[in-house]
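TrEMBL has this to say about the protein:
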DISULFID  CYS210-CYS231  disulfide bond
DISULFID  CYS309-CYS330  disulfide bond
DOMAIN    45-157  domain 'Ig-like'
DOMAIN    164-259  domain 'Link'
DOMAIN    265-354  domain 'Link'
SIGNAL    1-15  signal peptide
Amino acid sequence: LPLLLKATLLHLASGSYRPFYNGFYYNHIMNDNGAGQDKDYFNGAKLVVETAKDPVYSYTGANVTLPCHYRYEPDLGPKRKIRIKWSKLRDDYTKEQDVLVAIGKTYMAFGDFKGRAHIRQASRHEASLVISDVRLKDDGKYRCEVIDGLEDESDVVDLRLQGIVFPYQPPRGQYKLNFHEAEQVCQDQGAILANFNQLFQAWSEGLDWCNAGWLADGTVQYPIRLPRKPCGGVHLAPGIRSYGPRHRHLHRFDAFCFSSELKGEVFYLDHLAGMTLEEAKQSCQDAGAEIARVGQLYSAWKFLGLDRCNAGWLADGSVRYPIVTPRANCGPAEPGVRSFGFPSKGRFGVFCYRER
């Protein structure tokens, strides 16, 4: 052992030793005090990073700030150049994608965040992330990482979009969608596959649905408020029933989609004799709009209070109507979006969507 230690010291003294490389060289580019000397930096101070402990709520089309601040214990005085890195995480806290990296006032955003993300440094030791034009897929956990020399600390903040979860099955019937088809049908309806937190929130607000559907993580689950025999049995407590992860190509279920608040408005049009689906699409275009999608109707019902006891076409060929205040001849005694399914014939009104 003494011979090995002596050899190691001689190797270091020879100048051939190189610092451990972990993907980024820490040198005077990041931590210099004006002397221009190329050296690794470690000062013994403790670096502390803090983000919001409670979720940050937003909605599609908005601008949102994810707070992040750092400090030193003890305080090191004037601010130095440090490296800030933001990443979006999966629910298990493993990294999903890079969002932004910044050194001083220079930063680079990645992927879908290009042109939409930047660092806010309005105060000393601030590293907050600003996301503009929030999108449905922005919902999730984000890690704020601060790197100063050999010091590297991080914390996580949860961005949650205000929205609504709705079950969806295509015109061809129940349990016809594999995972990838479920992703696509939600996207076609102005939505995305819901995650577990969104489904749980919907269940806590009253969603009860006995058909199993895909979630964004590839699991299949369904929410039950009133236990009953066909839905897991009468002796199970209310909650989210889970089939666990399923084969994304072979297994087929329905989908749980998630839609957020709208940038525009949903409105109803009708003719005295009603309209076919093609006539309905044309009527929306004539009004400077487009035929509404299912997610847009649900969002208008939940967030804009859309209440209409008249059935109308939607873009997927279904016929539905939203009820905020239940009343006679308007379906069940609970609020909700009623569905007539996918009629091959018939003449109805239409729900249109127009950007503000």
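Going from the start of the chain as shown, residues are counted 1 onward.
Glycine is treated like the rest: Cβ placed from N, Cα and C.
Look at the Cβ of each of the disulfide-bonded residues CYS210, CYS231, CYS309, CYS330 and count the other Cβ atoms within 10 Å; the largest number goes with CYS231. Counting in whole angstrom, CYS210 (disulfide bond) lies 23 from CYS330 (disulfide bond) by their C-alpha atoms.
In this structure the C-alpha atoms belonging to CYS309 (disulfide bond) and CYS231 (disulfide bond) are separated by 30 Å. Note: the CA-CA distance between CYS330 (disulfide bond) and CYS231 (disulfide bond) rounds to 27 Å.
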